[in-house]
Amino acid sequence: MSVTPNPDQHVAQLIDANLDRAREGLRVIEDWCRFSLKNKDMVITLKNWRQQLGKEHYEIYKNARSSSSDQSAGLSHPAQKERILPQQILSANFARIQEALRVIEEFSRISHPKLSKISAQIRYEIYDLEVIILKISNLNMLDEKLKSCKLCLITRTHPELIKTVLLALKAGVTMIQYRCKETPDNQMIAEAKELASICKSYNSLFLINDRADIALAVDADGVHLGQKDMPIQTARKIIGHQKIIGLSTHSLEEIQNATSQGCNYIGIGPIFKTKSKQNDLSLGIDFFSKINLKTNLPWFAIGGINKDNIDKIKEVGIKRVAVINAIMGAEDPYLASKELLGKLKK
């Protein structure tokens, strides 16, 4: 096809610049899908879009290029320095692609209708792809955080709840589970919102105990369920597949069932007698020597764990623990967290 030359060279420059912008943005997303998501189908789709645009990137546009005389070339924006997470980079590049395609679509409609049509088609399809890729990327990021987590703090009602959690995060705790069973909903939401914001600033996971609705309302990273709470499938319908779900288990049978139900991690216990669940029988240390044979999910030992017994449980292969009173009941939550983490990392 021959392109009808546009008498206005500025339009040719504009199309050239936006073709470059769209193709570069597509390459950023493509490489993320290739190296991080390892999704061959997405890579093929994105590569095909790049090539479609490349075939229509005629010399008439490249010859009109004037980067050296463009006074706006190379302009930066303060927001660029704030893109520290992959999701932020992806979102910025999706927006870049969509905006560039819209400009191409508008200015090539008369002189290059084929390019205009291609740009419109890609733009509409990439809106849906953006949602899918960001959801998958978010879940992958949460899973990686989960796997690297050593210590989870489960909260309880406390007069200095926010301060205690903040001290734990400063000490290096990377997962907080908000658990306040007797707290009214309006107070739970207020506290959960503040905790979610704090955890985000420390790049730590934040989950809500039992309440998938509140987890969704405050944009928590997920929800932790007990055996008598709503089914995992129901929780998935509420919070979606881009969030993580944990499940409490108390026997080998429950551990095996959890693996097939679609949760992301499990809590196993109580390993010792605990103040929070005084009527539950403890599993004992020997029970945990069998766990790795039964599940590939990340799992946390829970129940009565403290600085005095944590060395014993490490001897049977326990790598992750969840605690309540060992930190929430400590005189110095910061030092208590540091001591537990130090023992876990030995």
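Any Cβ shown, glycine's included, is placed from N, Cα and C.
Just so it is clear, the model here is predicted, and its values are computed rather than measured.
As written in Swiss-Prot, here are the features:
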- 1-125: region 'Unknown' (REGION)
- 126-346: region 'Thiamine-phosphate synthase' (REGION)
- Gln177, Tyr178, Arg179, Cys180, Lys181, Asn209, Ser248, Lys277: 4-amino-2-methyl-5-(diphosphooxymethyl)pyrimidine binding site (BINDING)
- Asp210, Asp229: Mg(2+) binding site (BINDING)
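Everything Swiss-Prot records as a feature, shown here on the structure.
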residue : record                                                         : contacts (Cβ under 8 Å, 6+ apart)
Gln177  : 4-amino-2-methyl-5-(diphosphooxymethyl)pyrimidine binding site : Cys152, Leu153, Ile154, Thr155, Leu207, Ile208, Asn209, His224, Gly246, Ala322
Tyr178  : 4-amino-2-methyl-5-(diphosphooxymethyl)pyrimidine binding site : Thr155, Met188, Glu191, Ala192, Leu195, Phe206, Leu207, Ile208, Asn209, Ala220
Arg179  : 4-amino-2-methyl-5-(diphosphooxymethyl)pyrimidine binding site : Ile154, Thr155, Arg156, Asn209, Asp210, His224, Ile324
Cys180  : 4-amino-2-methyl-5-(diphosphooxymethyl)pyrimidine binding site : Thr155, Arg156, Thr157, Leu161, Met188, Glu191, Asn209
Lys181  : 4-amino-2-methyl-5-(diphosphooxymethyl)pyrimidine binding site : Asn209, Asp210
Asp229  : Mg(2+) binding site                                            : Asp210
Ser248  : 4-amino-2-methyl-5-(diphosphooxymethyl)pyrimidine binding site : His224, Leu225, Gly226, Gln227, Ile266, Gly267, Gly269, Ile302
Count of other CB atoms lying within 10 Å of the CB belonging to Asp210 (Mg(2+) binding site): 19
Local backbone state of Asp229 (Mg(2+) binding site), from DSSP in three classes: coil
For Arg179 (4-amino-2-methyl-5-(diphosphooxymethyl)pyrimidine binding site), the three-state class that DSSP assigns: coil
Secondary structure content, the region 'Unknown' (1-125) (per DSSP, counts of residues): 92 helix, 0 strand, 33 coil
